[in-house]
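Can you keep this structure in mind? I'll have questions shortly.
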Amino acid sequence: MLSLKAFLALSLSIHLSQGLVASVSHRRANACTELSRSYPDSTIHPGSSVFAEDVIEPWSQTCQTTPTCVFAPASAEEVAGGLAILRKADQTFAVRTQGHMPIPGAADISNGVLMVTTSLNSVQYADDSKSVVQIGAGNRWLDVYKVLAKDNLAVVGGRFGQVGVSGLLLGGGISYFNSDHGWGANSVVNYEVVLANGTVCAANAQQNSDLYWALKGGSFNFGIVTRFDLATFSVPYMWGGSAFYDASALDPLVNAYASYAVASGGSSDPAAHSDPSILYNVTTGEVSGYGIYMHRGDDPAPAALKNFTDIPSTFQDFRVGKTILGLENDTTPVNFGVGNRRQLFSSTALASSAEAVYLVNQTFFDVIAANPQIKTTTDLSVTNTYQLFTPGMIRAAKASGGDPIGLYDPLGNGVLAVLYGGNWADAKDDEIIYKFFQDMIDELDNRAKKLGLYYDFVYLNDAAPTQTKDIFQKFSNGTALPKLREIAESYDPDQVFQTLTPGGFKLINSPA
């Protein structure tokens, strides 16, 4: 039996623990109240129509959550003020720009505060030269392209207009202009960042240059970026569009990409871009193809893409448009709007070669055949998309000053990133589908390793929930993680962006 002294000590310990928990709960409950008091026009509570618009309609239903309240700051200063309130309350929170990330918790939260940056939506030139455009973090790329099109200008931005600026750039950034300029992040000349201590600072080649480097792919680990300043360049015309194919065209489509994805192929033209996909409808068993093709300039028949445009298609729409804006509607996949679907990305990479292209295609169909249980799911569609990081892109990224991602070119053909995508209707199928996609990645990685084609990289913006811990240890062939951690410790010594923002891609979760 406990002595009276031990009993009293235990009782006091329990009482103090309960008091501490109650104190923390009280502080957290007060976070939304304090946000409302300090920023009444920027704080949204459950029950309002605006709350429903911002929260109840995520892009992917896998991210359906209910935050305690929504905070929509209208300036960097409001971001800093709101962050101070959240820190004082020890309140967990998430930051969402456009929410185009299907990983639960990456840009959503339950029982915490959701900070949305959609009010940070200015797009303006830095000066009269129009060589730099200043983009608020809450914009979609379509908003940016509408401004730039008036001056026949472009930036290394997203391929699809509905995608958010912030998420794309903080994860690297695939663009139609990568071959000449590197990642989208490599064209950022300055970041406006709110640090954990509330300081609003600039990060560029001259100021906070270590933070500037880290933000080029380091995700949401160092602060809240409120503005991106990007270099512009002239693009008066773009040729491009999309094409749909039936099953009879799949072999020609894969053959065309096998020829394209080598240094002697069409990808050697830095103006060209090709992203073909193979689609499999699990419910119907139908197999089809889809391709997005772009070429900078007004050539109505670019030779670099002839192997694709020669393939008979069920539908195609190729034309010359004014700037990238003139083709945006023709190249945005239909599932990029908000809907009632559940979405999943999963990614891996290979050293690009014709053999790698064929391996990806064969593995895709082999794993589908080996997993008949997916036929029990409701309305599942699966895609296999090829995305090439060309030798020119890798050189341009290094020439810009480099980045944490640190791509290298193993065979001289660039790096072939593979995106497996899925969308389906019912949450009851999540476990089967998540395992199926992991099996797909594991099988492709194993086969690639046996052939000497494996490239140890996962593109952050296309990662699966099971891959969030693996991202940073793969950067720069395994050498970037210690430096990223050192920079995070310097700018966020209290680990606010490691612990109070629990979701997404965290340095603290990456294996040493």
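Glycine residues also receive a Cβ, built from the backbone N, Cα and C atoms like all the rest.
Below are the features I grabbed from Swiss-Prot:
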SIGNAL    1-19  signal peptide
DOMAIN    63-235  domain 'FAD-binding PCMH-type'
MOD_RES   His100  pros-8alpha-FAD histidine
CARBOHYD  Asn197  N-linked glycosylation site
CARBOHYD  Asn281  N-linked glycosylation site
CARBOHYD  Asn307  N-linked glycosylation site
CARBOHYD  Asn329  N-linked glycosylation site
CARBOHYD  Asn361  N-linked glycosylation site
CARBOHYD  Asn477  N-linked glycosylation site
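Structural setting of the listed features?
For Asn197 (N-linked glycosylation site), the number of other Cβ atoms no farther than 10 Å from its own Cβ, over all displayed protein chains, is 16.
Sequence-distant neighbours of Asn281 (N-linked glycosylation site) (same chain, 6+ residues apart, CB-CB distance under 8 A): Val287, Ser288, Leu380, Ser381. In the three-state DSSP scheme, Asn281 (N-linked glycosylation site) falls into the strand class.
Within 10 Å of the Cβ of Asn307 (N-linked glycosylation site) there are 19 other Cβ atoms, across all protein chains.
Non-local neighbourhood of Asn329 (N-linked glycosylation site): Gly161, each in the same chain, at least six residues away, with C-beta under 8 Å from its C-beta.
Under DSSP, Asn361 (N-linked glycosylation site) is assigned to a helix (H, G or I) in the three-state scheme.
Secondary structure at Asn477 (N-linked glycosylation site), as computed by DSSP, is helix. Taking Cβ-Cβ distances under 8 Å and a sequence separation of 6 or more, the neighbours of Asn477 (N-linked glycosylation site) in its chain are Gly406, Tyr408, Asp456.
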Report, in whole Å, the straight Cα-to-Cα distance of Asn361 (N-linked glycosylation site) from His100 (pros-8alpha-FAD histidine).
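That separation, Cα to Cα, works out to 26 Å.
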May I ask which residues of the same chain, at least 6 positions away in sequence, place their Cβ under 8 angstroms from the Cβ of Asn361 (N-linked glycosylation site)?
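Looking at Cβ-Cβ distances below 8 Å from Asn361 (N-linked glycosylation site), excluding near sequence neighbours, one finds Val254, Ile278, Asn384.
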How far is it from Asn307 (N-linked glycosylation site) to Asn197 (N-linked glycosylation site), counting Cα to Cα, in Å?
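Asn197 (N-linked glycosylation site) has its Cα 54 Å from the Cα of Asn307 (N-linked glycosylation site).
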